[in-house]
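Trainee: I grabbed these lines from TrEMBL:
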- 30-57: coiled coil (COILED)
- 133-512: domain 'Cation/H+ exchanger transmembrane' (DOMAIN)
- 137-159: transmembrane segment (TRANSMEM)
- 179-197: transmembrane segment (TRANSMEM)
- 209-228: transmembrane segment (TRANSMEM)
- 306-330: transmembrane segment (TRANSMEM)
- 351-371: transmembrane segment (TRANSMEM)
- 407-427: transmembrane segment (TRANSMEM)
- 432-455: transmembrane segment (TRANSMEM)
- 494-513: transmembrane segment (TRANSMEM)
Amino acid sequence: QEEMEYVELLAAEKHQVEALKNMQHQNKSLSMLDEILEDVRKAADRLEEEIEEHAFDDNKSVRGVNFEAVLRVEEDEANSKSNASKREVEDDLGLSMLIDSQNNQYILTKPRDSTIPRADHHFIKDIVTIGMLSLPCGWLCTTIGLPTMFGYIICGVLLGPSGLNSIKSIVQVETLGEFGVFFTLFLVGLEFSPERLRKVWKISLQGPCYMTVLMIAFGLLWGHLLQIRPTQSVFISTCLSLSSTPLVSRFLAGSVRGDKEGDIDYSSVLLGMLVMQDVQLGLFIAVMPTLIQVGVSTYSSIFKEILRILILIGQILFTLAAVFLICLVIKTYLIGPYYRKLHAESKGNKEILILGITAFIFLMLTITELLDVSMELGCFLAGALISSQGHMVTEEIMSCIEPIRDFLAIIFFASIGLHVFPTFVIYELTVLLFLTLSVVIMKFVLAVLVLSLILPKTSQYIKWIVSAGLAQVSEFSFVLGSRARRAGIISREVYLLILSVTTLSLLLAPALWRAAIMKCVPRPERRSST
């Protein structure tokens, strides 16, 4: 018994020694892990110090900065206990909304801690909602014979401030929609070959200039009769003289426009004039600050302001010449090798081709933006440069880019619907119908007169189709109107009238276009154009 107890005691001592060794080994492992975690913590602290921006402290002493109280609003379900943990996480991530004293709503754009990934769930919900509602709205318009784009505009009306008011990230939706304009104009340029441009460049240059001058002259005349300020009359006339390039591009998309011998293609004339109007849009945006100063200047300084405007016009014309010189260099030396390299690398993998073409679009867009010309012109020129590589190249690229364009165009037309206010249209329906019909008829008549003077006799028949395509107001009047309202050029009432007239003219455009096509286009071409 004593021997057994002795053996058990030895076994217990041995087990205790082994347990002590295991504990020491575990403590040693823990200390090594602690050292590793301590090193990681120090590295993380250094990383946060490197990437952290003290934006508040750095900018609070900048001249012109004002302190202002804002409201921080949580989600509607903030009172629900089941969402308490979700609210705590969102509060930690800074995903709540801020509202200032001017009722502007803000969302987080750059967090303090950039190491944690975040997503704007308001924007995600908005895009998902627009995508789902656009389908039945588009189907409805197709059923009743209207272009699907009006279904997308109706979708924006239903979801916008005048409808369910469910779109929270309006600015972000509009920004994404701008990419729809970029890709639309790229495909327009892809179909608009340099050979066509060379044939109609004189008409494309002269037509919009004459129409804008005539619109401004009529605007000043009516402004004098109605006692409207000249700066306001010039702005309204210029705004109404522009036509919608994306809308007309949708009308012309996929149509077969065969040129007769010696004739001029109506699509070439129409697209050329629209591109020139886009150039005028960039010119007018550049001139607008000077126009504001003219509105507040005395008569003694008006001469100096007019001289400034003329100098600015000369600078912009010089910039346009530089843009086309860059395009000539790209076409001669770069675009051919660039596309051949893309084509060779993208065999069996279309991602490289799509990415390469998109990068080229953004490059041309950036060049024209840096030269103070409209970004839309850069997208058009990108398409025109690639179209110079031949029909097969055009077809291959169009098949890749069209699905992207179609989705982004849905967002763009839905963003237009966000600025349509049916209640205001109903309240002032008589006045708006009169103004819209007056603008459409005036633009149609002026276009017919101008084209009658500058078109060759053998192509006079296309003036009715081109005039029908120009007889509406561009959606860019929304942009110009908002800038003019902020600058004090126009009042709130005039701004709402411009928005409503623009919307109604866009709704009338398909009917006028279809009537012109049915009357003036030969039957084989008519099927494809309508």
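Any Cβ shown, glycine's included, is placed from N, Cα and C.
Automatic, uncurated: that is what TrEMBL annotation is.
Not measured: the values here are computed from a predicted model.
Quick one: how deep are these features, and who are their neighbours?
Mentor: Long-range contacts of the transmembrane segment (209-228) within its own chain (CB-CB distance under 8 A, at least 6 residues past either end) are made by residues 234, 236-238, 240-241, 276, 280, 442-443, 446-447, 450, 453-454, 470.
Same-chain residues lying 6 or more positions outside the transmembrane segment (407-427) and placing a CB less than 8 Å from one of its CB atoms are 127, 130-131, 134, 149, 152-162, 167, 170, 173-174, 176-181, 183-184, 246, 250, 475, 478, 496, 499-500, 503-504, 506.
Sequence-distant contacts of the transmembrane segment (432-455) (same chain, six or more residues past either end, CB-CB distance under 8 Å): 202-203, 206-207, 210-211, 214-215, 218, 240-241, 243, 264, 269, 425, 462-464, 466-468, 470-473, 497, 500-501, 504-505, 508, 512.
Remote same-chain partners of the transmembrane segment (494-513), defined as residues 6 or more beyond its termini with a Cβ less than 8 Å from a stretch Cβ, comprise 146-147, 150, 153, 232, 236, 239-240, 244, 247, 251, 416, 419-421, 424-425, 428, 432-433, 435-436, 439-440, 444, 468-469, 471-475, 477-478, 481-482, 484-485.
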Trainee: Average the per-residue pLDDT over the coiled coil (30-57) and send me the rounded value.
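Mentor: Within the coiled coil (30-57), the model's average pLDDT equals 70.
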